[in-house]
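Swiss-Prot annotations:
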- Asn10: site 'Discriminates between blocked and unblocked aminoacyl-tRNA' (SITE)
- Tyr15, Phe66, Asn68, Asn114: tRNA binding site (BINDING)
- His20: active site, proton acceptor (ACT_SITE)
- Asp93: site 'Stabilizes the basic form of H active site to accept a proton' (SITE)
Amino acid sequence: MTKMIVGLGNPGDKYEKTKHNMGFMALDLLAKELNVDFKEEKPFMSLVASTFVNGEKLFLVKPLTFMNESGRAVAPLLKYYNIDEADLTVMHDDLDSPVGRVRLRQKGSSGGQNGIKSVITHVGSQTFNRVKIGIGRPKHGMTVVNHVLSGFDNEDKEIAQDGIFKAVDAMKFYLENGDFQKTMNKFN
């Protein structure tokens, strides 16, 4: 069985440390811990790393399409590698959770997250796993766009990093046992 873990974010140095790039940050850490490197796959508009974990093929994917078009990269990769959407996990930022809180879900709506909305649209299904990493709501007077495209202030930086570590621990646990429900029970 082949699995794919996608980290959502925006490409480029300008966005590297923004809240919207929590998925990229978590996937970068997971790739480092699995000792794999990303390479650009231009036909799929993505950075892709691959390895085997417990005898199963694993693809790590960072779409280069910008957040709101993530599905345009994810859907063709799933089709090309013949991966069922139930074996897809998407890591992303979550406005509705406090900074650093990690929540795992097996399916559902986008919850207003435009990258997830794009994946749902292009994959044609809501039945894929999600790892939501909390970034909190905007402070009074700040727009959602400005909030997600800003970095973490000093008081939240460490809490956000802890969330990334927890998300990666959850993915390593999932890759070891292959059971997302069991992973949800342990990490939610």
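Positions of Cβ are set from backbone N, Cα and C atoms, glycine also.
Fewest Cβ neighbours within 10 Å among the recorded positions Asn10, Asn68: this applies to Asn68. Cα separation, Asp93 (site 'Stabilizes the basic form of H active site to accept a proton') to the residue listed as 'active site, proton acceptor', rounded: 6 Å.
One way to see the shell of the tRNA site is to take the Cβ centroid of Tyr15, Phe66, Asn68, Asn114; the remaining same-chain residues with a Cβ within 8 Å of it are Asn10, His20, Thr65, Met67, Glu69, Ser70, Gly115.
The DSSP secondary structure for Asp93 (site 'Stabilizes the basic form of H active site to accept a proton') is strand. When Cα-Cα distances from Asn10 (site 'Discriminates between blocked and unblocked aminoacyl-tRNA') are compared across the recorded positions His20, Phe66, Asn68, Asn114, the shortest belongs to Phe66. Here the CA atom of Phe66 (tRNA binding site) lies 10 Å from the CA atom of the residue listed as 'active site, proton acceptor'.
The Cβ of Asn114 (tRNA binding site) has Met67, Asn68 as same-chain neighbours under 8 Å, each 6 or more residues away in sequence. In the three-state DSSP assignment, the secondary structure recorded for Asn68 (tRNA binding site) is helix.
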